[in-house]
Amino acid sequence: MASSLPSSSCWHSVLLVAMLLVVVMDQMAMAYMYDDIEIVWGDDHSFFYMDDAGDDEILALCLDQTHGSGFHSKEAFLYARFDVDLMLVPDNSAGTVTTLYLMPEDVPWDYHDEVDLEFLGNVTGEPYTLHTNIFANGVGNREEQFRLWFDPAADFHTYSIDWNPKRITILVDGVPIRSFRNKEEHGVAFPTWQKMRLHGSLWNADDWATQGGRVKTDWSEAPFFAHYRNLRVSWCRPSPGVAWCGDEPPGSTWFDRGLDAAALRRARDAHMIYDYCKDVQRYRWSGLPKECTVE
């Protein structure tokens, strides 16, 4: 009779590390990522463990041929900065997608907001693609893609989403690579009212993720692991005298202080490989989206 457990070692890793973690956490009284997130699918393909020094608690998500895993923050936020350290699937990661994204709950799909970072795996020796997208009031298709300037599977790196009423900025190790500005005055929707949770996941998308779906997941390499640690969330802070960020006056320059415009230009010039705002062929009949043409 065939076993009802997954054929890969995802299940065995969960059991082994869970037993070790119980011992370690029983001896330490600290704040952990465990306290701030909850597994929302694939709980049998995820586990927490401590690094070798016992200083950092790490969440591992596992993917095998049965399924992957995903989590979200326990709390939802309206305007905040989210920072997470992430180490991606190493070696032949073709077909896999590791994610960080913001999404609300209980909002119809046609009206939902979303901020996506999707790390598209590749064959050994070929670089990851960081695929980003932003939805506002149900409208997405705002893709920008980047090639990172390091091996994101060799060590942990920090990925950030800084969301305030004026702009959404995506950063890698503190370097801004994308800034989506609020242009509601020009009729462009912007996320302003939906509280969102931070999500992360590891899943199979070999129908499109690697080289347009031409390269499939090699399940002989499974299980695949992505590792998350050090989730930090900082509420948006308004200028002195303003009650909350949503009340910041339209002409205020308060939220411009944290954006290094020169670093943003350098990163985009050096590392961006696709910008929907420059894809004239894609929009040859409809014209470029409004946010691409207004200042």
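A Cβ is built for glycine as well, from the same backbone N, Cα and C atoms used for every other residue.
Now, the feature entries from TrEMBL:
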- 1-31: signal peptide (SIGNAL)
- 25-228: domain 'GH16' (DOMAIN)
- Glu114: active site, nucleophile (ACT_SITE)
- Glu118: active site, proton donor (ACT_SITE)
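Over all protein chains present, the Cβ of the residue listed as 'active site, nucleophile' has 20 other Cβ atoms lying within 10 Å. There are 20 other CB atoms within 10 A of the CB of Glu118 (active site, proton donor), with all protein chains counted.
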